[in-house]
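I have placed the structure first, in the form of structure tokens, so that the comments after it can refer back to it.
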Amino acid sequence: MTEDIRPTVKSTRLRQNSLSTMDILGVSLADTAPAMSFFFSFAAIAAAAGVASPLAIIVAAVAVLLKLNSLTEFTKVTPSSGSYVSYIGKAFGAIPGVMTAWALSVGYIIAVGYVMAIMGGWTSLILSKYVHISVPWEPITIVFVALVSFLVYRGVKISARWATIAFVFELLLIIISMVAIVITNSSHINFASFEPSLVSRGISGMGLAFPLAVFLFIGVGNPGAMVEETRNARRSVPRAIYIATISVAIIYVLMAWTTSIAFHNNASTIGGLSAPFVTAADKALGPVSVLVYLAGLTSTFSSLIGATTAQTRIIFSAGREKLLPSVLGKLSDRYGTPVISLIAYSVIALIITLLWASHGNPLNIAGDIATLGTIPIILVYLALNLALPVYFFREHRDKFSILRHLIIPILGVAALVLPLWGMIKPGQPYPFNVFPWIVLALLVVSFVFGVVRSRQIPDLGQKIGSVLADDFE
């Protein structure tokens, strides 16, 4: 017995033409969460690359742009809210498509726990430091997740605007902090951070810093899943994603440079601090040091809105096409938002975060959560780069470009191997040594589900990504 998976257009279409290029750009920038990402990552990058850590960020940005080439090229010819899932499924068939849906969905749900844990822990820290009130992080996280879920439920236009506004406020606070750091350390202004000869341990140091710097950009391509709701998606979404990547790279480089100035190019001091930019801005801002902490708070808020908005649409699309349980493909009758996938995403991620991070400091444990969630996400990125030449050569041979559809995807794969190896290599301490086995178990389960599903629905492979962004306009 086979199951009819043809989408009922009126009941399963996301609301088209709701978003502009600027909306997508705002969500893409918000997803990267520059303040949050940089605050908790730069010390490790500086410890690896030394004074010239901005160069590691520049190299990572180039690698991310290579990876994004595959996403944007697919978007130009077959834009789907399934994003990575649809594109890999179209290239390799039903079972790989199902495996991608499970790997990416689980990876996203776990990884967003990083944002949730940081949001609660950071807000609790602010209240303790500036208001002298002790509030556990758990209820704070629950309140923020509920608020974000409500905004996303109310409509994509609302959630996109909130994410953009929060990002603009975050960026303003980052700029104020950087200006204060430069002014208070004006006698130490120099550009040693951009000298390749000062990369610690040369190529080895760059190799250590590179995967850490790549993680700064995780999330920048998430709005690729919002094509169904975007006007002129084939053009708008690729443009917004590229602009966002370059923009956030500039922000990171400037933050790295100002941090180096603040500590007089002492990489050892920077590497020994948990959040060196915050330490530098705290000192430079003096009585208004709360501003840098508010930058971190708005960063987590905008990131959670952006991630929830984009990632629930991938889960929704996979449910709509029966790659995941079909109930996940249900939309709100009132707002046209993926209500079931939103509930599943937020509730499961919140439970995992509360259980995992309750055993210690959420600001420290958040990194562990992010690592586990990122492994399946990186695997999907690798698969997408492999899918691009296969799909274009088979389906769009007249448009096939040796550079865009073969060489750049190969370079994208090469750029992702090092970050992936850094997370799965043998000999790591607990719990990192068990993460690869957890991901392997996920892939095995998803493979079995894929085999069963493809037998239930023989034409499942042809249905993947069949609802295009600009159909029925």
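The backbone N, Cα and C atoms fix where each Cβ goes, glycine too.
Annotated transmembrane segment per TrEMBL: 38-66, 87-115, 135-153, 165-183, 203-220, 241-263, 290-316, 337-357, 369-393, 405-424, 430-452, in sequence order.
If you look at the transmembrane segment (290-316) against the transmembrane segment (430-452), you find fewer than three C-beta pairs under 8 angstroms, all six or more positions apart, and that falls short of contact. Contact check: the transmembrane segment (165-183) against the transmembrane segment (87-115) gives fewer than three Cβ pairs closer than 8 Å, residues 6 or more apart, which falls short of the contact criterion. Here the transmembrane segment (241-263) touches the transmembrane segment (38-66). Their Cβ atoms form 3 or more pairs under 8 Å, with each pair 6 or more residues apart. Long-range Cβ contacts of the transmembrane segment (430-452) within its own chain (Cβ-Cβ under 8 Å, at least 6 residues beyond either end) map to 94-99, 101-103, 106, 368, 371-372, 375-376, 379, 423-424. Using a Cβ-Cβ cut-off under 8 Å and counting only residues 6 or more beyond its ends in the same chain, the transmembrane segment (203-220) has close neighbours at 28, 31-33, 37-38, 41, 44-45, 48-50, 53, 55-57, 59-61, 63-64, 68, 111, 241, 244-245, 248-249, 252, 303, 306-307, 370, 374, 377, 415-416, 418-419, 422-423. Only residues 6 or more beyond the boundaries of the transmembrane segment (369-393), in the same chain, are considered here, and those with a CB under 8 A from a CB of the stretch are 67, 69-71, 73-74, 77, 84, 87-88, 90-92, 96, 100, 103-104, 106-114, 117, 215, 218, 352-353, 356-357, 399-401, 405-406, 409-410, 412-413, 416-417, 419-420, 423-424, 431-432, 435-436, 438-439, 442-443. Sequence-distant contacts of the transmembrane segment (87-115) (same chain, six or more residues past either end, CB-CB distance under 8 Å): 33, 36, 70-71, 74, 78, 80, 218, 300, 303-304, 307-308, 311, 314-315, 318, 323-324, 345, 348-350, 352-353, 356-357, 366-367, 369-370, 372-377, 379-380, 383-384, 386-388, 390-391, 394-395, 439, 442-443, 445-447, 449-451, 453-454, 457, 460-461, 464-465.
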